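Note sheet for the following structure.
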Amino acid sequence: MTRLGVSSALVDGEVVHGDVEIEEGLITSVGVSPAGRTGVAVPGYVDLQVNGFGDVDFLAADVDGYRHAGDVLLSTGVTAFQPTLVTSPVEDLVDAIDVVAKAQPQVRCRVLGAHLEGPFISPTFKGAHDERWIIAPDLAVAERLCAGGVVTTMTMAPELPGGLDLLRWLLEHDVLVSIGHTDADAATAHEAFDAGARSVTHLHNAQRRFGSRDPGISAVAMTREDVTVELIPDLVHLSRESVLLAWRAARGRLAVVTDAIAAAPRSTGEFRLGDRTIIVSKDAARLPDGTLAGSVLSMDKAVRNLIGIGIPWTEAVRAATTTPARLIGREDLATLRPRTAADVIVLDDDFAVTRTLVDGHEMWAC
């Protein structure tokens, strides 16, 4: 039996005073043993959209690259993540998905499955995606990409011809559908969510803009209780006010994603996203024409940003743990209830990560 030596723990949103005990990879008790000296234990962070990390681009990575990226992610408190593959030639996506499958048992944090961000997206709201490889919804292509069960999430645009048919096919094959890079109006957004889409990809970014009589997908997502609202809180993609508005409108349904690229967690330099050149300066990643292209955000910084703009720390942590884990169907990974997996991080008084454990094993410590 191992004691973490923390003063308190966050269990399902409630602060429990006392230490955390772990045995055989599972939480055995919280608050039963006397409090340790310092630090609060919280569930490990879950990032559902990360394109690369630690100089590793997941589209081009081999298994060793995944191991390295996983180790760097652990240092930022991430214990589980979905490597995200952006719009690319289908053959390249198939190859990259195969690497995800090979990497899953080799990485020290949990590789939950692949998130395909494209290729079935709107050319109008392509963002940094290469328009050459955007294609119309095609069930044969989807079947090829999803063969083997490695793909766990797909971001797609439901307004495209055949989009709703693709959405339903994905759901039938146990793929979570998130709506993004889309020109969907409010009516189409409602139709997609009624059909079973569960979330919106990076709220306000690469989607139809909000209007008083044409509110688009952002207003629909924020006002529907059955939709998880994903956003990038680097305070570059969204202003402080936009993040606070989303939190107040979708309280309890907010999920932090980093949308990080290989440059993360650095803040300057030139990098690759697929076959595109990305320039990183002043904590922003952009194409040469100025278009935002992912981020250099880390999950620990994302949580601190939320706290810094006035969101209670318990809710900021929830947005990086419980909400994304529940969305992907892995509630077991984001709770410190007894008999659940001991994926735990310890935060200091400034909410910086000081220790990261997966299955009760210490994987990183400062």
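Using the three backbone atoms N, Cα and C, a Cβ is placed for every residue, glycine included.
Heads up, TrEMBL stuff is auto-annotated, nobody curated it.
The substrate site in TrEMBL is built from Ala128, Asn205, Ala206, Arg213, Leu292, Ala293, Gly294 plus one of His115, His190, His237, namely His237. For the Zn(2+) site that TrEMBL gives as His181, His202, the extra residue drawn from Glu91, Glu117, Glu270, Glu315 is Glu117. Here the binding residues for substrate are Ala128, Asn205, Ala206, Arg213, His237, Leu292, Ala293, Gly294. Their largest Cα to Cα distance works out to 30 Å. Around the Cβ of His181 (Zn(2+) binding site), the number of neighbouring Cβ atoms within 10 Å comes to 28. In sequence order, Asp259 are the recorded positions from Glu117, His181, His202, Asp259 with a C-alpha within 10 Å of the C-alpha of Ala293 (substrate binding site). Of all the binding-site residues listed here (Ala128, Ala206, Leu292, Ala293), it is Leu292 whose C-beta has the fewest other C-beta atoms within 10 angstroms. In the three-state DSSP classification, Asp259 (active site, proton donor/acceptor) falls within coil.
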